[in-house]
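Marked as transmembrane segment by TrEMBL: 27-53, 60-79, 99-121, 141-165, 200-227, 239-262, 274-293.
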Amino acid sequence: MERDNVSTGATMEFLLLGFSELLCLRVLLFLIFLIVHLLTLAGNMMIFAAVVMEPSRPPMLFFLCQLSAIELCYTLVIVPKALLSLVVDGSTISFLGCAAQMHLFVALGGAECFLLAAMSYDRYVAICQPLRYAAVMSEGLCLRLALMCGLGAFAVALGLTAAVFRLPFCQSHRIDHFFCDVPAVLHLACTQSYTPELPLLAACVLLLLLPFLLILVSYVCIAVALLHIASSVGRGKAFSTCISQLAITLLHYGCATFIYIRPKSSYSPARDKVVSLVYTNLTPLMYPLIYSLKNKEIRGILRKMEDQFWPGRGGKEATSLFYLLLPSPVSL
């Protein structure tokens, strides 16, 4: 791209190409994404409402409620525009709209990373210091952790978004993606140096590497504690409290690392869109299934809600779609 035709200013518009190359599969993809989106919204809204309606909430339920709220906002920021790109041949988005979408996406994704670290600390205290759990994981500490997760991610996302949209963009405003992702927008910048990638690298260190190290330390401590448990039953029960979070953490960080921790020269639109589909559609859908609905406290709350809205059916777990999907509760 030549530097001759450079565009700046808030009046600029971008064209999101989305999946314009998949003409024959658009209808099928639209139906799949719509169903996944609706299931994601329903699952996370159910978890959020269930926890909010519960008067006594242990720390893990409090964090699960925050996680569901983040996932609700996360999918609403990204998926509607992606669905629109499947209906029309590319959808336009304003300069400010693109910046706002990027900021919200990074802020919510960063808050999720910090929250996963807070949840791993909660599991560490529960397993390694069970007698002090109630004193350490107080309501005040949980509120402070949740607030720090949100404000920290918001600040880092604001700095990254400002740095990206201060760059000069070449005449082509065609973003080969279904939303304003950082690598896709950086690819339009009229610069040959690696300087524009430094804010992204700093954001990756703060939002990805730092929480991941905290999670790693927590689970190393948990693993050491499990080795000292003589009973295989007790060891298995303690391990079951962590396996769901480990699975979803690895999926989340694996996708994010693949997309963001790499040089601009290795940017591949087609590959990035496929990976982005995983962490913007499948991962939010898996949270209610893997994380929450296998939690015995969540299942108990949902059962009470079923008793309240459908009296006489609460004892029949098979009447619930989620109970059909997850017949065996596993405690977190």
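Placed from the backbone N, Cα and C atoms, the Cβ positions cover glycine too.
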Recorded stretches the transmembrane segment (274-293) and the transmembrane segment (27-53) touching, at least 3 CB pairs under 8 Å: yes
Non-local residues, at least 6 beyond the ends, that sit with Cβ under 8 Å of the transmembrane segment (60-79): 33, 37, 40-41, 44-45, 47-48, 51-52, 54, 101, 104-105, 108-109, 111-112, 115, 118-119, 122-123, 126, 139, 142, 146, 149, 178-179, 280-281, 284, 287-288, 291-292, 295, 297-298, 332
Intrachain residues whose Cβ lies under 8 Å of the transmembrane segment (27-53), provided they are six or more past its termini: 19, 61-62, 64-65, 68-69, 71-72, 75-76, 79, 82-83, 86-87, 281-282, 284-285, 287-289, 292-293, 298, 301-302, 305, 322
Within-chain partners of the transmembrane segment (200-227) [C-beta distance under 8 Å, separation at least 6 from its ends]: 106, 109-110, 113-114, 116-117, 120-121, 123-124, 127-128, 152-153, 156-157, 159-160, 164, 182-183, 186, 235, 238-239, 242, 246, 249, 253, 256-257, 260-261
Close approaches to the transmembrane segment (239-262) from elsewhere in its chain (Cβ under 8 angstroms; 6 or more beyond its ends): 109, 112-113, 116, 119-120, 123, 126-127, 181-183, 200-201, 203-204, 208, 212, 215, 219, 222, 226, 272, 275-276, 278-279, 283, 286-287, 290-291, 294, 330-332
